[in-house]
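Colleague: My questions all concern the structure below.
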Amino acid sequence: MTSDYVDFDVLLSAAGEMGTYQFYIAFALFPFYTFVVFVYFNQIFLTEVSPNHWCWVPELENLTQIERRNLVAPPDSSRFGYSRCETYDIDWNAGREQWNSSLRRIPCQHGWEFNRSEIPYATITSDLGWVCDKDSYPATAQAIYFVGSIIGSLIIGFWADRYGRLSAAMISTLMGGIFGALTVFSTNIYNFSIYRMFTGAAYDSCRIMAYLISLEFIVPKYRSAVSNVTFGVFYCLALVAMPWITLACDHWKTTALVTSLPLLLVVFAPLFLPESPKWLLSKGRVDDAVKKALRVADVNKKVIPQDLIEKFKSTASHCEEAKGVSILEVLKRPYLRSVFLIICLQYTLVAVTFDAMFRTINLLDYDFFISFTIISATELPSSLVIGFIMDVFGRRVLLFILLVLTTIFGVMTTCFSGWQSVACAVSMRFVVNMAYNISIQWVPEILPAAVRASGVNIAHICSSIGMIVSPYIVYSEIYYPSLPLLILSALSLIAASTALFLPETANKVMPQTFDDAEQQAKEHKIWEFSCNLQRTVSKDLKT
């Protein structure tokens, strides 16, 4: 590479590597991280219900809850000790001496009564009776949500590479807000699933697009630290608040509105979030990209030398023409194709583990809301840790170690109960959080700018396809209580092995062209170990 080669990252360094503008762009991500938590996690709280339920008999409403349960729920060999779906075929209006005259059992006739000490508010599951023969409905609705995510990612990815990342972030977020609010009109599994499918179209494009924009205003040596710290702080705050927002709302319809209507504020995003400079470059809008760099310099009180700007324009003019280029170009490059397919598989496995881990909280035999809060709180320390060690030890070996630890803690969680199982689950969540953060950042780092958004969305589509089965992994606990965590442990181990086949991108400039990306993939060595205590940035990518 000659001294005349000046890419946007070089221009950005001259504009101020870590100044006021970078802090500003980091804080601009706060609403998007909050929005994705609302879009992604609110369905858990809309459908969660206590597994401790029994037939509701209106004739016994004057008795205490314990008395009602003891009378109407026949004993059985389940872990609850009583039947949750059957009662006695008895005339409950008759005298008590006749209540035990028949041992014939029948399905619940008037719905169910739930232990409100565990989930103290009405959910759509308790309102519509999605238990017993309908207990798969919440899992099915969640799976359909991820189908919507696949459709949304295809559309939003196409839009982002042609019309810009900012507008794509706005459209996806608006969809999440509108259809999330419409969820309150659900009266059955069919319209609920339709509303959730369109809400799912916003996941996780409403975050990824803003995330991609922010990455491009941060030089490589600070990219891991800034992106992971902001993710950890903002995502963690929203996630920890989520169960308590739900408890304050005290009804699933109120929760749906409170976690959906704020997303409509995204219409003001152009006032504080810029367009992606590398998307501008991929469309040949070099002057507009220069304006973005000059804006950074102005806020950071720096001056970019004019000769550097001219060299940048010259470099940009010699880069491959990106207009009309699609993600299919990746498949024409043998090394890049292999790397892209592997990282899609790895991202899918990590995402399924990340998602299903939250959905297994109700299996921990501990307070649901406290468990959710504690496990959510691991987002911040895990993001802080990974943000500062990712560029030191590299992505590959670090991800491998983290996923092996995920497997170990997952198996250990099944061996204990009570607070011991929660401690193991928290440890599992801590390491899988770090693994997920690496996976999120790794995908855009291997792709050229022209197809970075669509490539990230393809990886997201693959993960969404995988996450369709995530609710059913959790549902498998009806066959064996420890089965979900054992499945997740196995998936983590498979994901760990894929990390060794991916190129190390720590401290390297993100590829601008397809040639850059192909060279990066070609130079990968499977047993290469990256340990860079100096955090220097490699600039060995060719023009």
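Yeah, the Cβs are placed from backbone N, Cα and C, and that goes for glycine too.
Feature list, courtesy of TrEMBL:
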TRANSMEM  20-41  transmembrane segment
DOMAIN    29-507  domain 'Major facilitator superfamily (MFS) profile'
TRANSMEM  143-160  transmembrane segment
TRANSMEM  166-190  transmembrane segment
TRANSMEM  225-245  transmembrane segment
TRANSMEM  251-273  transmembrane segment
TRANSMEM  335-356  transmembrane segment
TRANSMEM  368-390  transmembrane segment
TRANSMEM  397-419  transmembrane segment
TRANSMEM  481-502  transmembrane segment
Colleague: What parts of the chain pack near the transmembrane segment (143-160), using Cβ distances under 8 Å and only residues at least 6 beyond its ends?
Modeller: 43, 167-168, 171-172, 175, 193, 196-205, 209, 279, 453-454, 456-458, 460-461, 464-465, 467-472
Colleague: Can at least 3 Cβ pairs under 8 A be found between the transmembrane segment (166-190) and the transmembrane segment (251-273), with each pair 6 or more apart in sequence?
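Modeller: Answer yes, regions in contact.
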Colleague: Do the transmembrane segment (225-245) and the transmembrane segment (335-356) come close, with at least three CB pairs under 8 A (pairs 6 or more apart in sequence)?
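Modeller: Contact absent: fewer than 3 Cβ pairs fall under 8 Å.
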Colleague: Where does the mean pLDDT land for the domain 'Major facilitator superfamily (MFS) profile' (29-507)?
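Modeller: Result for the domain 'Major facilitator superfamily (MFS) profile' (29-507): average pLDDT 87.
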